[in-house]
Every structure is written in structure tokens, then in C-alpha cells.
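Report on the structure given below.
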């Protein structure tokens, strides 16, 4: 699995995002009960990279961690695939030929760019019948007018019906977060099942 | 302007046996009260998630008429709760893509057979369920069983079930037994993105995953003999319930227009308390484009359920002979926004009635009640979860502004998908075997998909429909129980 290893030239996020920074421990004190043991929380915090799927009445709430915003996008693709198949990208890709494609997306904020990114992957699943098993965020830029652009390369494999568990309708804007914290970056997105 | 505070039980005012209200004075952004229909048990379940806060948020939207409403099966969604109803003035009010939801015209259709429960022992049920599973595309990866051109997809978007029947997927009489006769006028495919069309093109005629399913059921109990007779329902009769919607076509239309509404709302002076409440004035160019695109998705969903009906009928004839028929009782819509008119404070008002996880429930002699049921009221079909009952109700409303001619749409989740899976896998429950012990043959593409929809993840559907009846929304006619389930 290739990791995001390119140099990143993102500018600072808009001030409004900075001012809404939520300390890490407050996130963990939210009244939503985690579905994984606290030891794993601690491990994730130490790694500063990963994802957690949290209980949400009918849908799926993903919490994403990364040292950089690019890692948030990377982790969101892993989380999406995990929720769809119950497996890691490496497991889904095993023994399969990977096809590569590039994606460029524009949005007026990082949270909206995350929604667009996930909706792009959901669309490709529906129409091209493919799982995204690799992501490389080549460039994440913020223009002076606060327009965010994502340039990414993705690797996909054909859907195997025996892996399929659930299908997502869309990524939503509900309870959407994408923020810098003292320990790195954290994002939250609800997917409609 | 006051900060939002999450409403609690103490903020509710009881205004009827099964009706509670958060008064508009609760928060200065509320334009009308927020109304909730529930029993005490259901109320306690509803208060476990964010449904009530979301109901209060709905009451802040411009042009909202009288009250925002939560049905007894309400559960937390995004923006609107699922089980939420909001009527907005067509002149001064809004239309909200998120207020309809991503699965536009998610709905259910009930097919009535002339076979009996005693015709289906375990072997016969397994044979039927496995044959249906092989024939009907169900689950995440399954695409369209039919080939259409992109031009034909636009015809589907304009004509709905009528297109499907014209292509041979059904009988002309089917049309009379579908809400709005299976077609919304003013559907304009030019308002639908290429991306939505691509998603729809590969999925027409498929059930999908999530809570969508096809069930073989029998009539377990009759509550209203006269209505049952009018509907053609008898005890032990075998029926088929189809639950699906507009698939990726509708999901993409919602995605596209939520974004457009988010970008446009401020321009119309609309301040949102939750981005998924994104809305624009109904009369604005964006509002009208969404309304026309949303109608395309409604038509797509009706064509979808019509094509699935055709394949179910083929299986039926192959297994039981060509003289065996499956007649549509009715086809109802769960996620929609429709313009309907109501008498409010002495004047006739046209309203965009958003029903997100709610069913229209018209009584006798209403102009929109379908002709075959004009004398008694429309059938309302309430799907339960597999392993529990579903219901057929009869509508009672006639321009009722207490619930804007609406009722519930199912049992309503009370446990998250993760919690349901954790319980099943953690306790090593073989759900398929457990259901089989109850006499229910279940087949699913994935064990996880089945586990997420386990019966205990839902509220008690019996209690939900009791509230519906006692509140005067609709009357119970028949209870149905499953013997076969196919799921994604």
C-alpha cells in the first residue's frame, strides 16, 4: 500500500476553523458511547492517525484522525472501505489488479471538500463498481479566496460481491467537523446508509 | 438571540393523550411549536437520541405552517429527524432537499396473492425465497436487470410507473393502485445532473441494501373487517412487501441540491441552525429546479418498484402456474415533498408538505384518495423489521392540519447499526438460524447487512401503530407477519 508521502503545500485553514478548535479530550467526552475499548482510543491518539466508526441511530458516524489534513482524506477512504466491506484496503486488494485514476475537487472549505471526496468515492462505487483501495493525496491547496482544491490519485479494484456489507447513499453535512487540534487534525462526518 | 439548549422531557407540554409539544417560546429562533406524537414508552425511547432537538430545529425554517411534527416512529436523522413532517407555505416558505432525504420516494408496495399460508411449508418457503433472491437484484453490488438507453432513462424520469407498464413491466390496472398514480407531473430531467443519471442508469430495477428488503408475509390478524374486505385482505392470505426507493439516482439528486441550497441559502437571507436543513425559497429558481429534479427521482422510484413487481410476478407464475396472480394493494411514498392545500385560519393555503420517513394517509372522499379506495380511505402500508409484524392501515385524514394528512412509515430504529451488529456478533447469535426457529426464512447478501437490521434494533411496531390509531391518523386494518425475507 502506497502512503501519502508527497510534500504538502496546504496553506493555513481559514481563521474561522482555527477559532473552533476542540481539544481532544472534549471529543472523547462527547455523550456518544465509543464502540471500541479505551486502550484503542489511546493508541489512536498516540498514532495521531486512524478512524473510529461511532454509533449513530440509523446512519454511520466516522471520526477521523491525522497529523495532516491530507491524512484525514486518506483515513476517510480507509474508513469508508472498512464500513462497506469490514476489511482493510490491503485485504480487499489482495490478489487483484489495481487500476489508477486521478481526482481533482474544489470546495469552499475543508469540511465540504471532505464531503465531496467521500461522495466521489461513493459515486465511483455505484457507477464503476469499484472499491478504492489506495489513495495518494498529491496536493491540497487553499487559494487566497479560501477555495480549497484537492488533487489525488486513487487505486481501485472491482467490487467483489462476497465482500459487500453495506452501501452508502451519501456523505452528509450533518455534525460535520474538520479541525486542527493540539495533537493533529480531527474530522467527523455522517454517512447516510 | 438565545443559545440553543437541547430540549428535554421537562420542556414538553402534553396537549393530548398521545401528543406533546415544545412551545415556540422554548427558543427564540422557533417560528412555530414542535409537535410529537408518542406513548410514554415511545417518548422515553425518542428522548435517547437527537430527534427532539432536530424537531425543534425544523420549527425554525422560514414559512413553516402551524407546527413541525414528529411521528411515533421518529428517530435521529440529519437535519430533519426520520419521521418528521413539515408544511411550508408555497409563497413565503422553503423547500429543503435534506428535508426530503437522500432516498427520494423510498416507499413500500404490497402485492396480494390468492395463496394461503398453509400452501407454504418450510420447503416451499425456502424454494420461493431462494428463487426470489436469485431473480431480484438485491444488495450492494447488484445492478439493473434491464437494459435501457440514456434517453429512456429520461422517459422513466418523466413518466414513472407509466413508462414501466408501457414497456410490459406490469398491467394497466396497476397504475390505479399507486400513490399519485405512479407519476408526478412537472418532472424535468434537465434539472438532473449527469452524475445522477449515471447512478440511476445502472440501478433501475434493483432493491439495494440498508433497510430495503422484499418480504413474503401472511395476514396474521384483521382489525377492521369492512376495510379488509374493501382491500381484498383475508386471514392467512400470502402477500409480498417490496421496500426500496430511487437508488443512486435519488441519492445523487439530493447530494447535488443540498450543496446548491447550502450555497444559496444566505443569498435569500436564510440562516441555518444545521447545514442539513439547507433550503431555499420554494418559489426561487433553485427551489423550482430541485422540485422538478426531485419529481424525476419520485418517478424513477415508482418505475423501480414496478419493474421489481414484474420480476416477482414472473417467479410467481413460474413456480405456481400462470393462473396465479399478484395484485397491487397499494404503493406508498415515505420520502417526499408535495404541494397540497389545507384550510388554515379560514383561508386555503398551498403548502409544500415535506415527509421524511412519513406516509400520506388520506381518508375517504379526499380528492387525492385513489379511485378504488375513495369510499373507504387509502391503504397505508407500514413495514416492520424482519421478524416482526408489518401493518396495513386505512387513512382517515381529510385536510387535517394536526398532522398534515400524514402518519408513520415503519417501526423506527432505536438501536444504531453498530450496536445491533455488536450484539449479534458479540453474543454469537446466528440471526438466520434464530429467524428460522421463528418460521422465517431469511436470505441476505451479507451477514452484517442482516445483523444491522435485526428486529431488536427497532421500536415495537405494534405500539407505534397503536399510537397512530389513538391519535386519529389512521386505523388498523390488518397485521402481517413474515415467513420469508430477502435483504441486501
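Heads up, the Cβ atoms here are built off N, Cα and C, so glycines get one too.
The structure displayed is predicted, hence computed values, not measured ones.
Annotated features, as they stand in TrEMBL:
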BINDING   B:103, B:212  Mn(2+) 1 binding site
BINDING   B:211-215, B:334-335, B:383-386, B:390, B:409-412, B:487  GMP binding site
BINDING   B:243, B:334  Mn(2+) 2 binding site
ACT_SITE  B:409  active site, GMP-histidine intermediate
Task: Site of maximum Cβ density within 10 Å, from binding-site residues B:335, B:385 - done: B:335
Open item on the list: Taking the Cα of residue B:212 (Mn(2+) 1 binding site) as the centre, which of the binding-site residues listed as B:334, B:409, B:412 lie within 10 Å of it?
Closed with: none
Open item on the list: At a CB cut-off of under 8 A, do any of the binding-site residues B:103, B:212, B:334, B:409, B:412 come close to chain A? List them or say none.
Closed with: B:103
- [ ] Determine the Cβ neighbour count for residue B:412 (GMP binding site): the number of other Cβ atoms within 10 Å of its Cβ.
- [x] 27
Task: Cα proximity to residue B:214 (GMP binding site), best match among binding-site residues B:103, B:243, B:334 - done: B:243
Task: Cα-proximity to residue B:243 (Mn(2+) 2 binding site), 10 Å cut-off, over binding-site residues B:103, B:335, B:385, B:409, B:412 - done: none
TODO: Taking Cα atoms as reference points, rank the binding-site residues B:385, B:409, B:412 by distance from residue B:103 (Mn(2+) 1 binding site) and give the first.
DONE: B:409
Open item on the list: On the three-state reduction of DSSP, what should I expect for residue B:243 (Mn(2+) 2 binding site)?
Closed with: strand
Task: Separation of alpha carbons, residue B:334 (Mn(2+) 2 binding site) and residue B:385 (GMP binding site) (Å) - done: 16
- [ ] Sorry to bug you, but what's the C-alpha spacing from residue B:334 (Mn(2+) 2 binding site) to residue B:409 (GMP binding site), rounded to the closest Å?
- [x] 6
Task: Candidate with the highest Cβ count within 10 Å, taken from the binding-site residues B:212, B:334 - done: B:334
